[in-house]
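According to TrEMBL:
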REGION    B:44-72  region 'Disordered'
COMPBIAS  B:45-54  compositional bias 'Low complexity'
COMPBIAS  B:55-71  compositional bias 'Basic and acidic residues'
TRANSMEM  B:83-104  transmembrane segment
TRANSMEM  B:116-133  transmembrane segment
TRANSMEM  B:153-170  transmembrane segment
TRANSMEM  B:177-196  transmembrane segment
TRANSMEM  B:208-232  transmembrane segment
Amino acid sequence: MPTQNSHSAAASHESIASRTIQITFAALLGVFVLGGVGFSHISAVHNATHDVRHATAFPCH
Amino acid sequence: MSLFRTILFVAALAGIGTGLVGSAVHIFTTVPLILQAETFEGSGEAEAPAPAETATHEHAPGTAEHSHDADEWGPADGFERNAYTVLAMVLTGFGFGLLLVAASELAGGLTGWRQGVIWGLAGFAVFTLAPGLGLPPELPAMPAADLAARQVWWVGTAAATAAGLALIAFGRTPMLAILGVALIVAPQIIGAPQPASHESPIPESLHHSFVVATIVASFVFWSLLGGLAGWLRPRLATPGT
């Protein structure tokens with residue numbers, strides 16, 4: 001597919017800055033997801049994730 | 001495929017696989033111990049503050065005292081509760097997967113499952129062993145220090161341990177490796193917030209079984225997450241990303 005070729009050609013020229021930004025956003029998304037599952041103080045979230053918090057040794061209660 | 005999407009897909013697929021296996025492991029090993037510990041909840045807490053509490057508010061006779069979720073929503077025991085455990089475990093796999101894959105991209109990207117398992121072991125050290133030294137896995141009804149203080153120490157310890165391991169693995173001089181060791185030791189010297197008293201209604205043997213089960217389950221979780229991510233990454237990334 002021509003579009004995919006041009007895309008990967010463009011990707012190979014991706015600058016270090018662009019890579020860094022994309023890696024940072026992926027890591028921030030990870031922090032956001034873990035913050036919700038493991039650290040949120042919202043009571044309903046705590047109750048839904050209660051067993052996982054204990055079982056994976058996130059600080060709980 | 002952009003690098004961001006590659007990381008997202010690798011983390012999502014590895015997270016789903018690891019979350020499903022991990023929650024099955026937990027539901028058969030750690031969750032029964034949590035349920036057993038919950039039968040002690042209230043019994044220990046009721047002893048000390050009981051005189052003060054009866055003065056301030058009244059409990060109907062025979063009503064179990066419970067420190068939280070009295071009125072708030074919570075999943076019903078049994079299927080619903082375990083379904084949320086599966087969901088939360090998949091999200092945990094996805095979240096940790098994003099961090100693992102993102103960190104490995106900084107070092108050039110995972111090239112195979114074996115390398116992925118090594119990164120998984122680093123994740124196990126950063127997120128299970130290091131925080132667990134100061135804050136061992138806890139069962140319900142066990143005494144604990146202020147929640148926010150423990151969360152801050154947990155996050156700080158994980159971050160310092162990750163940075164320390166990175167300096168040891170990728171630092172170019174011995175000095176950086178020494179700094180890495182210092183970063184890993186420092187949070188343990190500072191010490192985790194501890195409760196005023198460790199006296200607990202939970203039998204020591206029950207807690208010991210729980211700590212062992214939790215750490216073994218985490219080890220399986222991280223090995224699998226890293227291995228899957230390492231296996232998937234070369235298959236999903238287009239050349240050049």
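Going from the start of the chain as shown, residues are counted 1 onward.
Backbone N, Cα and C define each Cβ position, glycine as well.
Unlike curated records, TrEMBL annotations are generated automatically.
With a cut-off of 8 Å between Cβ atoms, the residues of this chain six or more beyond the transmembrane segment (B:208-232) that come close are 9-11, 13-15, 17-18, 21-22, 25-26, 29-30, 33-34, 37, 93, 96-97, 100-101, 104, 110-121, 123-124, 127-129, 132, 136-137, 139. Beyond its flanks by at least six residues, the transmembrane segment (B:153-170) meets 103, 107, 122, 125-127, 130-131, 134-135, 176-177, 179-184, 186-188, 190, 192-193 of its own chain at Cβ-Cβ distances under 8 Å.
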